[in-house]
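Below is one structure; the comments refer to it alone.
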Amino acid sequence: MELKNKKWSEERFLEERKKVLGQWKTGEDVNLEDAVEYLKSLPEHKNFAKRLIDAKRNNKTLLQPRAGVALLEEHIELLKYLQDEGGADLLPSTIDSYTRQNRYEEGEKGIEESKKAGRSMLNGFPAVNHGVSGCRQVLESVHIPLQARHGTPDARLLSEIIHASGWTSNEGGGISYNIPYAKSVTLEQTLLDWQYCDRLAGYYQERGIDINREPFGPLTGTLVPPSISNTIAIIEGLLAAEQGVKHITLGYGQCGNLTQDVAAIKALEEQANEYFKEYGYDVELTTVLHQWMGGFPEDESKAFAVISWGAATAALAGATKVIVKTPHEAIGIPTKEANAQGMKATKQMLSLLREQNMENSKGVADEIQLIKKEVKCLIDNVLKVGEGDLAVGTVRAFKNGMLDIPFAPSIHNAGKILPARDVNGAVRYLSYGNLPISDELKEINNKLLDIRAKNENREVSFQMVVDDIFAVSAGKLVGNSN
Amino acid sequence: MELKNKKWSEERFLEERKKVLGQWKTGEDVNLEDAVEYLKSLPEHKNFAKRLIDAKRNNKTLLQPRAGVALLEEHIELLKYLQDEGGADLLPSTIDSYTRQNRYEEGEKGIEESKKAGRSMLNGFPAVNHGVSGCRQVLESVHIPLQARHGTPDARLLSEIIHASGWTSNEGGGISYNIPYAKSVTLEQTLLDWQYCDRLAGYYQERGIDINREPFGPLTGTLVPPSISNTIAIIEGLLAAEQGVKHITLGYGQCGNLTQDVAAIKALEEQANEYFKEYGYDVELTTVLHQWMGGFPEDESKAFAVISWGAATAALAGATKVIVKTPHEAIGIPTKEANAQGMKATKQMLSLLREQNMENSKGVADEIQLIKKEVKCLIDNVLKVGEGDLAVGTVRAFKNGMLDIPFAPSIHNAGKILPARDVNGAVRYLSYGNLPISDELKEINNKLLDIRAKNENREVSFQMVVDDIFAVSAGKLVGNSN
Amino acid sequence: MEAKIVLGVIGADCHSVGNKILDYAFSQEGFKVTNIGVLSSQEEFINAAIETNANMIVVSSLYGHGELDCRGFKEKCIEAGLEDVKLYVGGNLVVGKQEWEPVEQRFKEMGFDRVYPPGTKPEVTIRHIREDLGIEDLGEQYEMRSIS
Amino acid sequence: MEAKIVLGVIGADCHSVGNKILDYAFSQEGFKVTNIGVLSSQEEFINAAIETNANMIVVSSLYGHGELDCRGFKEKCIEAGLEDVKLYVGGNLVVGKQEWEPVEQRFKEMGFDRVYPPGTKPEVTIRHIREDLGIEDLGEQYEMRSIS
C-alpha cells in the first residue's frame, strides 16, 4: 500500500480492518456498530477528550499515572487504588512488552504464569488478550477516563479493542512508537499502521464520539532537544488530523531547565495550532508534560524532589496533563503505594502553583522563538523532500538524517546528532548531523555551548554528552565538575 | 540604660557583662581571653561566616536543618547524623523553650527528667545548662560550623556561652526575637539586650574572629508581606553592624509565589547592601531562605512537594543558605531520619537547579522595585520618628503602628495590618493599619487585591485572610474556591 | 443568651495566628470576646472569666504540650465557681503523630466540652458555640463584612 | 593484544542510550566495536562474535529481565567454541530493589567475568577491558577528542 498523507476512504479502512481483526482470536469480538453504541452510552465524565478540554478551559493540570499488570482483577484493583487513593484525574493502562510486539501467544502464557505465580509476570496489561469484554470490565470498574499507553509499532488490533471497550484515548504514533521502540521496523510500515489507528479514531469521531490521540512526546527520553520532539509531535498531530482526529494531546518530556521546558510546551501549543490552522484542521489541542524521563536517584527523598520539579514545571508551563513518576523509579516497576505517593506529591505541587505562571519571563519568550524557528526549519524541509507530502517527507527525511532522534535504537534513524546541555542546563545541539537547521540558529546554539566549554575550561566534545547523561544519577543537571 | 543606635563602648559592654554572667552558674566558666584563643584555634571549615562567604563566591546554596534535644550525647548523635547522613553543610542547635525564657532551673529539671525518661523531655538543646564545656564538646564532635537557633528575647548569656564554645553564628534580633516570640517584653529591653549580643560578636570580630549574625527573617511565618520582613531584617542588620558585626545573614520566609519570593531575596540583598554602604558599614552580607513556615500537609508525599518547592525557590533566588523542613512537619518534632529525608530532597533540588535563575524575568524585576519602594517608605519613616536614631525610631514606630507585624503575639505590636494573597498567590496588603506606605504603592496593592475579589466574585474582606490561612492545609496557596 | 468568651493560648506557647483569627471571627459573629493572648496560664484564663462574667473559655494549644498545660483546668474552674462555664480546647494538642479519637477522649475526660483537631475552621466552632449556648443564628446580619 | 568487542542489548529490551554511549567510548579508546544494538538474542551475540573473531562480548540489559535473558549464555558460548571470549554484563539486571552483592554473585556463577550495576561509567569498564585483555593504556593518544 502506498504511503500518502491523505485520509483513508472508509472502504480502504474497512477492507484493511478485516485483516487486522484476524491477528488474534479476540479480534472477532470487535463490532463497530456495537462499539459506537457502547461509546455513546458512556457518561461524559468517562470521556478522555472531554475531561481534557474541561481542564484546559479551567486552566487546570490533570494528573495521570502509569500502571498495568497482567491479570484483570489485579489490574482493576490497581487502577481503582490510583483513582481513589492516588487522586488520578485520568487513568492509564500500560500495555505489556509482548503485546507491544504483537506476540499475543506469549501474552497468553504470561497471563497463565501470572495466575500460577500469584503476581504479575508481565510488565503491563495485555489488553488484546483480555479482549473487549475484559477491557470493558476495566472501564466499568472506574469512574474516570481510560487511555492505553504502550510503545507498539503496530497497534491496530490493540486500538480496535480498546476503543470498542470505551477507552477514549490512545497513545502513540508512526514515528514516536517506532524510532525509540523498534530496531528494524520500517517507517513506511508504522506510518501506515498508525494512519489506520488514527482513521479508526476518525471513524468514531465522524459518528459523534470524541476520541483523544496522543503522540508520544519524550521519544528516547534522554537529552532530546525540544525542537526535535516538538517537530515529531507536530508531524504526528498533522498526520492524525488528516485521518479525522479532532482531539489531540501533544507531549513533551521535561528536560530540567525551567525556562526551556516552559518555553517548549508553550511553543508546541502555539506552533501546532498554527500548523493545524494553516492546513485547515479543526483540532482541539491539549498538552502533556512527562516528568523527568531520565535516570532517577535511588533514594526516595531525592526521587520526590525530581518528581516535584516535574510537577512544578508542568504547573508553570500550564500543561493540560502531567504524567507522573514514582519514588521507586530507579528500582523498577513501583508498588501501587509508591505510585500513589508520586501522585500525591505531584497534586500538592499542582495545587500550590495553580495560580502561577512564567508569562513575565523574557527568557521564556526568547526560547519560544528559538524553538519555533528550529522546528520550522525541520518541518519546512520535510515537506520539501516529501514534495508536499508530510508522510512521504517524514520517511525521506529520516532516511537521510534530516530528521534524527538522539540515542534511538532504530536502524532507520541516522543517529548523527548529539545533544548537550548549555551553561544553564538547557539542551542544545552539539552536533547537528544532517539536520537542515539554519546557520543563524546554529550560531546561537554553538555560542551557548562555547560559553559552557569556556566555563568548564575544556573543548565542546562528546565527553560533555557522556557527562550530562551521567550527571543526573549524581543528582545534577549539567555534567560539569562544580 | 538609654537606648541609642550607637556602638557600646567596651567599658559599658564589660560592665554589663558581669551581670549577664551571673544569670546562671555556668556563666562563670565564660572567659573572654580563653574564648578568643579557643576560637582562633578552630579550623576554618568550622567557621560559619567563612563557609557562607565561600558558598556565596561559588554561587552555591547551603543546607541547614533545625534540630536540638535535651541531652548532650543524644544531641551530638543527632547532629552527627544530620551531618553524615543528611548531608548538612551547616549545623544548628535549636534551643529549648525554657532557655528561651531564661528559666534555667526548669531546663535543669528537663535534663534530669530526660535522663530518667530515656528520651528528650525538652524541645531543644539547653545550651546554657550544658555550659561552655558541653557546648565545646558538641562543636568538637562535628566537622562543620555550628549556629544557635532559638527565639530568645534576652539571649545575652546564651550568646556568651555559645560563642565561647566556638559556635560562630547566632540567630535572632531585638525585634525578630521579641514581637513574634513574646507577649509583653518591651522593645526597648530586647533591642538593648540584642545590642549586647551584637556587641559581643563585635568584640570577637575586633580580635580577628569572624562571627556570623542572623536576624530571624520569617517573623510570624504566616502571610508576612515581604516589605515588612525585609524592613525588619534590614533594621536589625544595621543595628548589628553598628555594634561591629561584619558577617550578617538576612533571612526571608518563603511565601509561596515564586516571582515574589525570588524578588524578595534579591531586593533584600540589594537594599541591605545599599543601606550598609550609605551608613558606611563594611559588611559581608549573605541571605537565607526559610522553606514554607506555614501549616504543612500531614501526608508525607505532599510534605515532600512543599519542601521541594522551598528548595527550588531558594535555588532560583540564589539564596546563600536554605533552612530545611521535614516530612514530619505537620505532626511535630521530626525523627532524625525524617530530618535527613527533608535534607536529601532539598539537596537534590538544589543540585538540579544549581545552574538556573530567574534573571530574565520582568515579573521579578518589577516585584523587586515594588518591595524596595515599600521598604524605603517604612525605613525612612522609622528614621524620621526616631529623629535620626534607628533604634529609637523602631520603638516609636512599633508604638504607633508604623511598624506592624501581622498576627504577632506581642502587646507592643499594633496588629492592625492584614495581608492577603493576590490572584497569583503573592502576599499583598489588605489593610495597612498605620503603615506609612505611599498612596502610589497602596494603589498598586489595592488593584491587585481588587482583581482577586472580582475573580472570586466577592468583596475584599477579612474572610479572604481566613481563607488564605486555611488554604495551605488544603494544599493550596490562594484561599479561593477554584 | 449572649456569648461571652475568654480566648487565649495556654502555657509557654506563643503561636498567635489562630488566636487572632478566632478573635476576629468570633467578634464578627457578635460574640463578646476577651482575648488574653498567648503565653497564658490557667489562672489567667480563670481570672479573666470571672472578671468578664464569661460563659465560655476557648483554649488553644499549638506547641504539643497541651495535655500537660490543661491538666486540672476543669477542677480549678469548679473551685472558682465556674462549673457552668463551657470549656473548649483545640490545636496541636499532643506531641507527634497520634490517633485523633483517643486524644479527643482524653481531653473530654479532663472536662472539656469540645475538642478540636488542628485546621478546624472557625465556622465549625461558631456553630458549636451557638448550639451549646442556645444562641440563635442571626444569619445575614452577621456575615463577614469588608474591612478594607 | 587488540580488543575486539561485540556490544549489544539483550532480550526484548530497546533501551539504547547506554549502548550508544558505550559504542562511542569504546571506539574512542581504540577498541574494535561491533554493535549489534538493541533487541538482540544470545544467538545474535554469538554469531557476531564468531564472524568478527571477537575476544569480548559486552551485554547490556536495562529492563529488569536480564537474569532470564542471560541464562545459559556461557554454555552456548562454550558450545560455539567461544570459551575464551570474555563475558561482561551490566545495567538494571533484576526487577525491583535487590542487594547488589548477591546479584553480582549470581551473574558470576552464570559465567560472566564482570558484572556492573546501573550508572557505571564507561571508564571503569574500559579499565577492566585493558586489564582482562592485557592491553596497554596508550594514554594521551586516545583521549576524548572534540567532535563538534
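Backbone N, Cα and C atoms are what each Cβ position is placed from, and that goes for glycine too.
Per TrEMBL, the features are:
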BINDING   C:His15, C:Ser60, C:Ser61, C:Leu62, C:Asn92, C:Leu93, C:Val94, C:Val95, C:Gly96  adenosylcob(III)alamin binding site
DOMAIN    C:2-140  domain 'B12-binding'
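Residues of the domain 'B12-binding' (C:2-140) grouped by DSSP class, helix first, strand second and coil last, total 59 helix, 31 strand, 49 coil. Neighbours of C:Val94 (adenosylcob(III)alamin binding site), defined as other CB atoms within 10 A of its CB across all chains, total 20.
For the domain 'B12-binding' (C:2-140), the model's pLDDT averages out at 91.
A sphere of 10 angstroms centred on the C-beta of C:His15 (adenosylcob(III)alamin binding site) encloses 20 other C-beta atoms.
If you draw a 10 Å sphere around the CB of C:Ser61 (adenosylcob(III)alamin binding site), it holds 23 other CB atoms from the protein chains shown. Taking all protein chains in view, 21 other C-beta atoms sit within 10 angstroms of the C-beta of C:Asn92 (adenosylcob(III)alamin binding site).
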